[in-house]
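Q: Under the heading domain 'NADH:quinone oxidoreductase/Mrp antiporter transmembrane', TrEMBL lists A:137-423. Summarising the annotation, TrEMBL assigns transmembrane segment to A:6-26, A:38-64, A:117-135, A:141-160, A:214-239, A:251-272, A:278-301, A:355-374, A:386-407, A:433-457, A:478-498, A:660-679 (among others).
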Amino acid sequence: MEILAQYGFEAMMIFFGAGAVLSLAFASRKNERIGSTLAHACAALASLVGIAFSVATILSGTTFTASIPGIGIVVENWNVHIDGLAAFFIATISIVALAASIYGISYQRQFFGVYRLGHFGFFYNMFLASMVLVIAANNSILFLLAWEVMTIASYFLVVFERREERNISAGTLYILISQLGAAFLFAGLLLVHQATGSWDFDAIRMLGSSVSPAMTNVILALMLIGFSTKAGVIPLHIWLPEAHPAAPSHVSALMSGVMIKTAIFMMVRFFIEFFPADFSWGLTILALGAISSLLGVLYALSEHDIKRLLAFHSVENIGIILLGVGASVTFFAHDLPAAGFLALAAGLYHTVNHALFKSLLFLSAGSVVHATHTRNMEEYGGLIRVMPWTAAFFLIGAVSISGLPPFNGFVSEWLTFQSLFAGIAALPVFSKMIFLASAASLALTGGLAAACFVKAFGTTFLARSRAETHEKVHESDLLMRVPMAFLALLTLLFGVGASSLTPLIQSIATALKTGVAGGMTLGHPGNAIAVGDFSALSMVAVFVAVIFGIVVTYLLVGIVSRNRKVTLSRTWNCGAPLTPRMEITATAFSRSIMTVFKGLLRPTIQRDAEYHDAEMRYFAKSRMVHLSVPNLYRTYLYDPAASLLEQSALRARRIQTGNLNAYILYIFLTIATLVWWALK
Amino acid sequence: MDFLYLMAVNVGIVSALSPLSIGIIRKIKARVQNRVGASIFQPYRDLLKLFRKDEVVSEDASWIFLAAPYIVFGTTLAIASGLPILSPTFAFLPMGDVLVFAYLLAAGAFFLALAGVDVGGAFGGFGGSREMMIASLTEGGLILSLIAAAFLADSTNLSGIAIGIAQLNGTELLPLFIAAGAFFISLLAENARYPVDNPATHLELTMVHEAMILEYSGARLALMEWASANKLLIFVAVFVNVLLPWGTPLFLGGSSLAIGFGWFALKALIILLAIALIESGMAKFRIFRVPDMLFTSLVLSVIAILLVII
């Protein structure tokens, strides 16, 4: 099995490398059709290999380690370590990458002769390979290297459509904030080196618990900030809704579906496996998760750009994953390992679920954008008639992300609720309160997500078209539909097959800490997932009951009403002619919820009117209402920080007088200080 | 596999009696308003009439509009199968988990709202928007009020909660009553009753439920009406048999079937009377006062949970 894992890992890297090289080799305008197809095909092959070896590693429960001879500058060898957790994340990345790569073959055709596809294919393969390396890396240097490549490669994917100005500014924001986050990681990993004397993660595994608590807290604080930046945790999320939508849709699917999960992976490593984190870290992560999930969904509701809406839902779902991870850290700190593993399994399950339905949603949103050439939902409408397959796939994704049974989102939300309930029942009073508040926030989030996706699906696919230009709109081709069908099928399987998957995911969690069992068992009729005697869930029963209910209803109504005629007619509109303007718009749909939460969102309204007669303002020629949700984080956090930095830089400039005597004084003072420090 | 029979019986009771519960509420309201009112069996005649009528479907509607009644009705059947109506004799019924209950309700609301948007009229869209606003804000109070009871009873299965609560007494019950109050608010909101919505008309500005189903006719309208009746009876059943389980026999067998049904009918009648009296004596809220009420429900549930766990 280890041989398989080793060959699998190497083959995967080779395929990615081949994809990158071939793409550059066929980069000329004449050959770019071949190059683009080859790049995506290589990525798809690599992903297939990745699925095969990572699933085998998970099932066999083995750990694969290997050393790649390094260049010997900082470390002798670049170690790779693929245990159950790493294999789980590689499997997740590979599944999404497989779908995205096949989809990309067809999706990228629209850019032939417009943008440089050779470069795209290169960075695409580098991006995928670096994500896998981030997961597999077993020392700080290789990790940081892969992390930076991941950021830079994805930056070039974000700015791929480089003639759109907003893509460039989104990319700049993305790379600035990513590097800011990476700076915290560099600092943290340098401290780790100082505390343990090694760049190797194995050394941290062994020595992590012997590091002094003060040092541990500093390291964890740096790691939390660094990884939260990549994960898009509020208030460090502001790059995410800009950068994810800017990239081509299959790259958006990868960034939202799996790239941000690498940060979750590293958080699990640092807070659960490497260091014994204090319970206050668990509560901090929990609080961040609760805030991100609730605010994320509220911001999503206020969006009418379909890809930005989905990007904000990534913020929300990262929040839900962090609820599981934070609860898990708290439980381990309070020495409640069974509940800790339950919560971790909930977080991991939601990680893979979110990867599946979010990439499904991005791919189907991509095929809408591909067909209509706009991301503005207000210009869609009625697309279900011209794009029935895309509509069905988007609907499945919408139902899953809203956490509605029997699809997969429900299972992981259920598990997350159970972990929060376990905390409410067992922890000290203060922690109970935080867990209770998180449970309330999760309950609200679930409902609001459903509302948001009624809006997204309804205004995009239902009713009548709002734009006249949609006659040319067409269904996507087979190469784009098959990956979506694959992901849609998986969302259903990961829901109905929960009883087979949860023990597996829990065993991945329990392998991180030795000697204790997890909190979940299988029992009760219907092979239910049971959490003690408290709760049990049988997804098979839910699936059968829902299908049975619908089918029986259909058959009985068919018998009772068999002789009835069905006629088509116009929608009744109080006698007025029916135009697309009668339909509800995306903005109007969420307006009522935004009014309810106006204290949090602080929406602004600006009204303009143009009158027939400026003197007598009774008859308006036209009226405009501008609704917007201001970016509070920029106004109150980032802009003040930026101006502070700028002003202190201006102050610091004063020491550069241009006067030679002053510089000699500085040199003298520096030498004097150094001599004093050396002799001290 | 005995529990499968019980689940089938639950589905049968809910779908057979739900039109009756609507008829009873209407009759009580009519009497309070000094009218004679229609017979309590009138809803059955209405449904039968609708099932026999021809149907008109909007040209703009897609398969979502056509399928939604079956999905909405089917989910109410699935929910009904997990309720402890006659008795919570099996402490675990596969469909009885509190979260399954809440999220299947949300699934029904999801497709109902989509169907409202699908026809492309102004009524359906705004009905859908308001329905989702109310449903999303209700969900917190609904889940947490039941979870408060779950912590009291140490089970999140509706049947397990009923068994656990039946064994409590004295001051242990205080949080339960607070949770029951929170649940009752969700009951009114989820079922489009006063003071949230007016179930009798679609010609009012704050309409929600009736606006979404405005374009339906014939068999599909019958299904939608019947599904909302089911939903009302499901909420009433959870209220009286899970949160207030006294009288309900804990074990099934012989005469306890009849006793279980008798207690259920009696308690359900009292709740229906309460709903009818509230509707007769109260004006509807302005739509943006409804969230205040729903947040009250959420806060009440949180208080109930705090009382249980601390």
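Quick reminder: no glycine exception, Cβ is built from N, Cα and C everywhere.
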Q: Do the transmembrane segment (A:214-239) and the transmembrane segment (A:251-272) come together with 3 or more C-beta pairs under 8 Å, pairs six or more apart in sequence?
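A: Contact criterion met.
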Q: Is the count of Cβ pairs under 8 Å between the transmembrane segment (A:386-407) and the transmembrane segment (A:38-64), pairs 6 or more apart in sequence, 3 or more?
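A: They do not touch: fewer than three Cβ pairs between the two stretches lie under 8 Å.
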Q: Could you tell me whether the transmembrane segment (A:660-679) and the transmembrane segment (A:478-498) have 3+ CB pairs under 8 A, leaving out pairs under 6 positions apart?
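A: They are not in contact.
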Q: As a test: from A:6-26, A:251-272, A:660-679, pick the stretch that has the greatest number of Cβ pairs under 8 Å with the transmembrane segment (A:38-64).
A: A:6-26
Q: Thinking of Cβ pairs under 8 Å, which stretch from A:6-26, A:117-135, A:251-272, A:355-374, A:660-679 has the most of them with the transmembrane segment (A:141-160)?
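A: Ranked by Cβ pairs under 8 Å, first place goes to A:117-135.
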Q: Which residues, given as numbers and ranges, are at least 6 beyond the ends of the transmembrane segment (A:251-272) yet have a Cβ under 8 Å from it?
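A: Distal contacts: 85-86, 89, 92-93, 96-97, 99-100, 103-104, 124, 127-128, 131, 134-135, 147, 150, 154, 157-158, 160, 201, 219-220, 223-224, 227-232, 240, 243-245, 281-282, 285, 307, 310-311, 314, 318, 321-322, 325, 328-329, 332, 340, 344, 347-348, 351, 354-356, 358-359, 362-363, 366, 512-513.
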